Amino acid sequence: MAPSNTNPVAVADEVLQKSRVTVVGSGNWGSVAAKLIASNTLNINSFHDEVRMWVFEETLPSGEKLSEVINRTNENVKYLPGIKLPKNVVADPDIEHAVKDANMLVFVTPHQFMEGICKRLIGKIRKDAVAISLIKGMEVKKEGPCMISTLISEILGISCCVLMGANIANEIAVEKFSEATVGYRENKEIAEKWVRLFNTPYFMVSAVQDVEGVELCGTLKNVVALAAGFVDGLDMGNNTKAAIMRIGLREMKALSKLLFPSVKDNTFFESCGVADLITTCLGGRNRRCADAFARNGGKRSFDELEAEMLQGQKLQGVSTAKEVYEVLSHRGWLELFPLFSTVHEICSGRLAPSAIVEYTEHSARLPLL
Ligand SMILES: NC(=O)c1ccc[n+]([C@@H]2O[C@H](COP(=O)([O-])OP(=O)(O)OC[C@H]3O[C@@H](n4cnc5c(N)ncnc54)[C@H](O)[C@@H]3O)[C@@H](O)[C@H]2O)c1
């Protein structure tokens, strides 16, 4: 049978049946994802060794371009300093060039940039490409929330799985054991291919047929992590923090199932669910910045704290809290989700951080949750 593509590289791949992977994004998690993937593509015959990594180009204080430094030193000195990337990771600042030969696209940028990135890629990717999103967050449209995997599928017309889990990037970078969950819609074979691409002895990946459940877990836990950070910043102790995490998990599950009735209960017991919630509430950047916000009595904005504490990394929880609030208020559900609503009201300065434990009487009467 003649190859179906006119691109010579794609034709060669089709003949050899080898998959080519491009990682779209090169922040903290993007760089670790490229490291994981590149260690596998070297050892598994069905993948091409080279992994392209699109870099949103920036000039470093030394005057050099970040992508050039990554290719010269095999290190993302800005977003993952001190960790060597395998030599088969090739940084590429030209997004169209980075994706053009790939049939497996791994999206891993802060969620607010994804719509623009997808629009730039229309007509620029292989026809047989499939995608996976490692991105935590959602877009809020007039017609309701749009998960990032849906955004990718709709704009680019390709299937999109998700990978989420208890995955603080810096810990995986030094190969400490952790787990992750791939969520897929109907094609189990594609899900298994993603599992093969990511799975390593220290990164154990399993697949569940529940894209929305997995993605909503990854997205909503960042809002709970802010609540946990407020509790820490106010020195409220472990019992309070555990209570906040439990209430948060209950709201995560209730909102996910209200938005997508197909979401499965078991998904909340996978790595993407309760495990990610725990690690984010103990160690993530949202918790850390919310802790500082509360210690400063809400007087220093999250924008200021993000710039000072994260050195270019992005805080996802604050924008997600706002997006969730918009969804809740649009649907008349604010009272059903007191923790989610309160987090946004604290982040936007309408309530003091101490309000994080001042809604319990109200929530006790809620039959839905
Ligand atoms: N870091 C983690 O531990 C972790 C773990 C799991 C999931 N995630 C998720 O992964 C996603 C990516 O996070 P990250 O940690 O790789 O990134 P990051 O926050 O470390 O870095 C920000 C990235 O955004 C890029 N950027 C800045 N402005 C841009 C623009 N205008 N357009 C496109 N890109 C731009 C920067 O170059 C950088 O690569 C997020 O959704 C995050 O929630 C992160």
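Using N, Cα and C of the backbone, Cβ positions are placed for all residues, glycine too.
Worth saying up front: this structure is predicted, and the values here are computed from it rather than measured.
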Listed in TrEMBL for the substrate site shared with Arg285, Asn286, one of Lys136, Lys141, Lys176, Lys188: Lys136
NAD(+) site partner of Gly25, Ser26, Gly27, Asn28, Trp29, Gly30, Phe113, Ala169, Arg285, Lys314, Gln316 (as recorded in TrEMBL), chosen from Phe56, Phe198, Phe260: Phe56
Reduced DSSP assignment, Trp29 (NAD(+) binding site): helix
Site with most surrounding Cβ atoms, counting all protein chains shown within 10 Å, from the recorded positions Lys136, Lys221, Arg285: Lys221
In sequence order, those recorded positions of Trp29, Lys221, Asn286, Lys314 whose CB lies under 6 Å from ligand 1: Trp29, Lys314
Least surrounded among the binding-site residues, given as Gly25, Gly27, when other CB atoms within 10 Å are counted: Gly27
Neighbourhood of Asn286 (substrate binding site) by C-beta distance under 8 A, where only residues 6 or more apart in the same chain count: Asn222, Ala225, Leu226, Gly229, Thr280, Leu315, Gln316, Gly317, Val318
Tally of residues which DSSP labels helix, strand or coil - the domain 'Glycerol-3-phosphate dehydrogenase NAD-dependent C-terminal' (210-358): 116 helix, 0 strand, 33 coil
Non-site residues, in chain order, whose CB comes within 8 A of the mean position of the CB atoms of Lys136, Arg285, Asn286 at substrate: Asn222, Ala225, Thr280, Gly284, Arg287, Leu315, Gln316, Gly317
